[in-house]
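Enquirer: Below you will find the structure I want to go over with you.
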Amino acid sequence: MAGGIELAKKAIRSLKNYDEHENRYGSIFSVSGPVVVAANMLGCSMYELVRVGHEELVGEVIRIHQDKCTIQVYEETSGLTVGDPVQRTGKPLSVELGPGLAETIYDGIQRPLKQIFDKSQSIYIPRGINTESLNREHKWDFTPNKDLRIGDHVSGGDVFGSVFENSLFNDHKIMLPPRARGTVTYIAEAGSYHVDEKLLEVEFNGKKHSFSMLHTWPVRAARPVADNLTANQPLLTGQRVLDALYPCVQGGTTAIPGAFGCGKTVISQSLSKYSNSDLIVYVGCGERGNEMAEVLMDFPELTIDINGKPEPIMKRTTLVANTSNMPVAAREASIYTGITLAEYYRDQGKNVSMMADSTSRWAEALREISGRLAEMPADSGYPAYLGAKLASFYERAGRARCLGSPDREGTVSIVGAVSPPGGDFSDPVTSATLGIVQVFWGLDKKLAQRKHFPSINTSLSYSKYINALQPWYEERVPGFNTLRDQIKQIIQQEDSMLEIIQLVGKSALSETDKVTLDIAGIIKNDFLQQNGYSDYDRCCPLYKTYHMMRNMIAYYTKAKSAVETGSVPWSKIKESTSDIFYELTSMKFENPNEGEKEIVEHYETLHKKIEDKFHTLTE
């Protein structure tokens with residue numbers, strides 16, 4: 001009798017297992033480009049990861065209706081047929097977070113491109129390929145947290161050890177996942193471990209949980225923080241026009257809209273190369289593959305000095321490449337993949353910059369998928385929720401106090417390039433972006449055609465962070481804010497004068513206006529313009545920017561006051577100070593590699609020369 005009951009229980013268990021196995025599979029009902037409808041999918045959840053077809057293509061559930069669900073597939077769907085199996089995974093689209101992220105190039109759903117190439121020996125990504133995001137073969141030197149003991153209580157975000165990843169990222173903190181907690185029952189000793197080996201075991205409610213160096217996190221969910229803080233440190237870019245006139249903060253949001261050929265990618269790349277961020281996440285979203293190839297070729301050659309030793313900046317960079325010839329649906333995921341990686345770095349207590357090039361291509365991917373779903377189109381065919389999607393992405397930027405102990409602060413700055421068709425800033429993507437971001441670096445097609453780079457339009461661009469940054473500038477660079485206001489004023493005055501000159505000619509201007517016009521010419525041609533491909537000017541440190549501004553404004557102030565007294569006309573001043581005028585135009589040629597002290601001395605000498613010359617002129 002007892003044996004019969006046991007057999008019955010065993011049969012019920014096997015039937016349950018069979019049902020569960022059967023419930024994990026649906027079948028394809030229809031295929032429309034990257035959008036697949038699957039039937040018999042009862043129990044699946046929104047944004048669940050699924051495997052589509054016999055090749056197990058990666059897809060994500062984006063709509064559920066009765067037992068049917070709509071899936072966006074992140075790979076080429078040609079060859080799928082009605083009736084092919086659809087396997088549920090029971091988890092959302094997630095990324096792996098841990099040592100090995102830096103120096104790696106991923107596709108839009110965090111598949112490492114180098115490993116895929118080594119595995120397939122093809123320049124194209126094979127369909128359905130499944131590789132681990134983090135290298136399971138490599139061993140990392142783990143150092144446990146010396147303050148952690150068995151029996152201690154830990155919660156999400158607590159650092160239980162660290163790993164030396166590379167010379168630019170030498171303190172990769174190993175943290176408890178944000179939602180984990182418990183009492184420590186085991187912690188590994190110092191040594192070399194693979195990313196998936198058990199390093200920590202905690203007990204909570206009688207259940208034991210093991211943790212390794214890596215953990216996963218769903219890309220569409222923002223990582224939690226202990227507190228959001230006000231950003232008050234500048235994101236220094238090395239571009240004079242941006243640092244001086246339209247600064248951004250670490251933890252800020254910036255848009256760079258501009259037509260084709262205006263230099264959006266060059267600005268994004270120079271930010272990645274020279275900004276004062278600790279780590280960079282560069283997302284190439286729907287742009288040309290050559291641009292990502294350029295990044296891969298340039299970055300290993302570019303170096304920054306760490307303790308007197310040059311290190312390639314690739315060591316602080318993670319690339320997410322989703323070029324225009326890759327499947328459209330993966331563009332949408334690539335932005336979320338990039339921001340999740342950036343948030344993980346922020347939780348390390350780092351200042352992170354994320355470049356999204358370009359959010360317009362991401363919006364176009366949304367439009368295509370929205371059209372396939374037969375949703376009601378809004379302006380220019382974009383979905384009605386475009387603004388909400390953009391806002392939810394940009395809102396993940398900011399400065400925050402991280403979860404767990406020890407206390408640490410980190411920032412995520414987002415710089416989004418926008419490519420409006422024909423450079424039209426009334427485009428829905430540009431309009432929606434401008435309502436969200438705090439800094440607007442507008443690029444001008446006419447300036448780009450005149451080979452004036454960076455082609456920032458000074459009358460269109462703005463920054464809402466200037467007031468927040470004033471205390472920082474006053475403390476470290478006294479007088480910087482006043483110089484900025486004076487330079488902006490000169491540029492605005494010149495813009496209004498140009499209309500008068502076109503009507504009545506330059507001779508009709510007053511003497512003070514002639515001074516303003518000539519100094520504005522120096523500011524525009526020799527200060528705002530910058531050669532990104534030269535040693536001396538590709539990156540301009542803040543001290544160089546400040547002294548250039550100081551000397552130009554000193555000359556302007558002295559010349560203007562001399563002209564206003566009526567003692568000397570501007571033409572005579574310009575003639576007698578022609579050597580100083582030439583030196584003002586040549587200030588940009590000072591190479592920062594020569595050292596700060598030497599350059600500052602040169603600028604100070606020029607400043608004294610200006611004062612002495614005008615003193616003798618006005619006597």
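Backbone N, Cα and C define each Cβ position, glycine as well.
Quick paste of what Swiss-Prot says about this protein:
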BINDING   GLY258, ALA259, PHE260, GLY261, CYS262, GLY263, LYS264, THR265  ATP binding site
Enquirer: On the three-state reduction of DSSP, what should I expect for GLY263 (ATP binding site)?
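Expert: Coil, per DSSP.
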Enquirer: In sequence order, what residues of the same chain, 6+ apart, have a Cβ less than 8 Å from the Cβ of GLY258 (ATP binding site)?
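Expert: Counting only residues 6 or more apart in sequence, the Cβ neighbours of GLY258 (ATP binding site) under 8 Å are LYS264, ALA417, VAL418, SER419, PRO420, GLY423, GLY442, LEU443, ASP444, LYS445, ALA448, SER455.
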Enquirer: For the recorded ATP site formed by GLY258, ALA259, PHE260, GLY261, CYS262, GLY263, LYS264, THR265, name the remaining residues of the chain with Cβ within 8 Å of the site's Cβ center, in chain order.
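Expert: Other same-chain residues near the ATP site: SER419, LEU443, LYS445, ALA448, SER455.
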Enquirer: Just checking, which of ALA259, CYS262 (binding-site residues) has the fewest C-beta atoms within 10 Å of its C-beta?
Expert: ALA259
Enquirer: Given a 10 Å Cβ-Cβ cut-off, pick out the one of the binding-site residues GLY261, GLY263 that has the most other Cβ atoms nearby.
Expert: GLY263
